[in-house]
Amino acid sequence: MKFYLLLTAALLLTAVIIEAAPTDHQDEARDLMREERDDKSNCPISHPNYCSFTPVCCKHECLSNNKCSSSEFIPGQ
């Protein structure tokens, strides 16, 4: 009987560990986000465009003079 209890506990623990580990799909999605953002800024995903002239993280693309094209920005790092 102890054998079956230990076996059950081991299977449950294995299931929990497997469930908690990130999947390959999650790793691929994370890598794609990094590839899309090739700048070295620490801008969040909500404001992904780093405009270096004013150092801000802009929600929309930067203008040709590297300034934010909208008023939706946060301080860059």
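Even glycines carry a Cβ here, placed using N, Cα and C.
There are 21 other CB atoms within 10 A of the CB of C43 (disulfide bond), with all protein chains counted. What Swiss-Prot records for C43-C58 (among others) is disulfide bond, and it gives similarity to another entry as the kind of evidence.
For C51-C62 (among others), the entry in Swiss-Prot reads disulfide bond. In the three-state DSSP assignment, the secondary structure recorded for C51 (disulfide bond) is strand.
Over all protein chains present, the Cβ of C68 (disulfide bond) has 23 other Cβ atoms lying within 10 Å. Residues or ranges marked as disulfide bond in Swiss-Prot: C57-C68 (among others).
Residues or ranges marked as signal peptide by Swiss-Prot on the basis of sequence analysis: 1-20. Listed by sequence, the residues of this chain that lie at least six past the ends of the signal peptide (1-20) yet keep a Cβ under 8 A from its Cβ atoms amount to none.
The disulfide-bonded residues in question are C57, C62, and the one with the fewest Cβ neighbours inside 10 Å is C62. Reported as a whole number, the C-alpha separation between C58 (disulfide bond) and C68 (disulfide bond) equals 6 Å. Of all the disulfide-bonded residues given, namely C43, C51, C62, those whose Cα is no farther than the 10 Å limit from the Cα of C68 (disulfide bond) are C51, C62. Using a 10 Å radius centred on the Cβ of C51 (disulfide bond) and all shown protein chains, the other Cβ atoms total 23.
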